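K.L.:
Sharing the features that Swiss-Prot gives for it:
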- Arg71, Thr72, Arg121, His151, Gln154, Gly280, Pro281: carbamoyl phosphate binding site (BINDING)
- Lys99, Arg184, Arg239: L-aspartate binding site (BINDING)
Amino acid sequence: MTPLDAKRPLQLNHQGQLRHFLSLDGLPRELLTEILDTADSFLEVGARAVKKVPLLRGKTVCNVFFENSTRTRTTFELAAQRLSADVITLNVSTSSTSKGETLFDTLRNLEAMAADMFVVRHADSGAAHFIAEHVCPDVAIINGGDGRHAHPTQGMLDMLTIRRHKGGFENLSVAIVGDILHSRVARSNMLALQALGCPDIRVIGPKTLLPVGVEQYGVKVYTDLNEGLKDVDVVIMLRLQRERMTGGLLPSEGEFYRLFGLTTARLAAAKPDAIVMHPGPINRGVEIESAVADGAHSVILNQVTYGIAIRMAVLSMAMSGQNAQRQFEQENAQ
C-alpha cells in the first residue's frame, strides 16, 4: 500500500458508503460488487429512446481535466447527463490556470459556484486525494486519473467488461501486457482483480517496464509474451506511455512490437474463447495488431459502452454517500 492509498477511509462516509472515488486500494469486495451491479442496472438506460434518469437532477457536475482526454471526458459527460445533472467541463488550457492560478484556487472558485461534484484528471499522482482532503472536502471528488497512481473508473469498467463476458472472476486467468511501469490502469486493474477474487493475475512486459515490487499486487511476472499468455481467459493490452518515459527504457517501438505486440499468432496461446481488451488510445502496430483489435476476440468497443454505465454508477453512489455524510454531520453538530 502506498502513502496515497493509506488515506482510503477518506473515500467512505460514516456508513461505509462511497463519498469520493479516488482509488480502488482497500475498498471492500462488497462495495466493488455494488458498483458493478449498479452499472449493470444502468446499461439499459443507454438503449432507451430517452436516455435519462432523474437521480442527479438539480446537481452540478464539473469535469476538470488538467490532462487531455477524449474517451474518459466524453463518457463522464454522458454519464452525468444521463443522470440529469448539469455538466460543466473546464478546458484548463484556456482557463485561469494557464495564467498562473493554482489548482487550489481553481477548485475553490468552482466550489463557490455551488458545484456538487468534481471529476478531476491530473498529471500529478495524489491530486484527487489532495483535493478531497484539503480543498473541497464537502464536494464529491471522482478521480479521472492521476499520474501513475490510479484510474479507478477505468479499472471498474474493465471489471464490468470481464464479468459480463466471462460471468465472474473466481476461475479466471487474466494477463496485463505492456507498459506496466507507467500505467495507472494496470495498478487499478491489479487491485480490482485481487479484491474480486481472481486467482491468476499475470503481468507481462520487458523488465524495464515492470515496477519494482509489482509482486505485492499478488501477480505472476512474465518477461516472455508467449509464456505469459498460455491458457489465459482475458488479455488486457496497454499502450506505451512515451510521454511519461525518461531514459532508454526501450530500444524502439518496432522492437517492442516484435517481442510484446499482440498478434493473431501470439493470441493463439490463450484460450480459444479469450477476450482482448485495451483502455485506449490504441497504437496499432505497436502493442496490438489491427486484426486482433478489430477481430472476434476484441471487446474494446464494449469497454467504451460499459464505461458510461460504470461512471453513472460511481457518480450516483458518490453523490448519495456525500449527501448522507453531510446530513449526518449537520445533525451531530446541533
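Cβ atoms here come from the backbone N, Cα and C positions, even for glycine.
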K.L.:
To the nearest whole angstrom, what is the C-alpha distance linking Arg121 (carbamoyl phosphate binding site) and Arg239 (L-aspartate binding site)?
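P.N.:
Computed Cα spacing between Arg121 (carbamoyl phosphate binding site) and Arg239 (L-aspartate binding site) is 18 Å.
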K.L.:
Beyond the listed site residues Arg71, Thr72, Arg121, His151, Gln154, Gly280, Pro281, identify every same-chain residue whose Cβ lies within 8 Å of the center of their Cβ atoms for the carbamoyl phosphate site.
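P.N.:
Everything else in range on the chain: Ser69, Gly144, Gly145, Val185, Pro279.
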K.L.:
List nothing but the one residue from Arg71, Arg121, Arg184 whose Cβ has the fewest other Cβ atoms within 10 Å; the candidates are the binding-site residues.
P.N.:
Arg71
K.L.:
Of Arg71, Thr72, His151, Gln154, which binding-site residues are close to Arg239 (L-aspartate binding site), meaning a Cα within 10 Å of its Cα?
P.N.:
none
K.L.:
Identify, among the binding-site residues Gly280, Pro281, the residue whose Cβ has the fewest other Cβ atoms within 10 Å in this structure.
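P.N.:
Each of the binding-site residues Gly280, Pro281 was scored by Cβ atoms within 10 Å; lowest is Pro281.
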K.L.:
Going by DSSP, is His151 (carbamoyl phosphate binding site) sitting in a helix, a strand, or coil?
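P.N.:
Coil, per DSSP.
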K.L.:
So if I measure Cβ to Cβ from Thr72 (carbamoyl phosphate binding site) and keep only same-chain residues at least 6 apart in sequence, which ones fall under 8 Å?
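P.N.:
Set apart from Thr72 (carbamoyl phosphate binding site) by at least 6 residues yet with Cβ under 8 Å, we have Phe65, Arg121, Gly144, Gly145, Thr153, Gln154, Gly307.
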K.L.:
If you count the C-beta atoms lying within 10 Å of each candidate's C-beta, which of the binding-site residues His151, Arg239 ends up with the smallest number?
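P.N.:
Result for the binding-site residues His151, Arg239: minimum number of other Cβ atoms within 10 Å at Arg239.
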K.L.:
Counting every protein chain present, what is the number of Cβ atoms, excluding its own, within 10 Å of the Cβ of Gln154 (carbamoyl phosphate binding site)?
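P.N.:
Its Cβ shell of radius 10 Å holds 26 other Cβ atoms.
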K.L.:
Check the DSSP secondary structure of Pro281 (carbamoyl phosphate binding site), expressed as helix, strand or coil.
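P.N.:
Going by the DSSP assignment, Pro281 (carbamoyl phosphate binding site) belongs to neither helix nor strand, so it counts as coil.
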K.L.:
Could you tell me the C-alpha distance between Arg71 (carbamoyl phosphate binding site) and Arg184 (L-aspartate binding site) in angstrom, no decimals?
P.N.:
16
K.L.:
Round to a whole number and give the Cα-to-Cα distance in Å for the pair His151 (carbamoyl phosphate binding site) and Arg184 (L-aspartate binding site).
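P.N.:
For His151 (carbamoyl phosphate binding site) versus Arg184 (L-aspartate binding site), the Cα atoms are 6 Å apart.
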K.L.:
State the three-class DSSP label for Arg239 (L-aspartate binding site), counting H, G and I as helix, E and B as strand, and everything else as coil.
P.N.:
coil
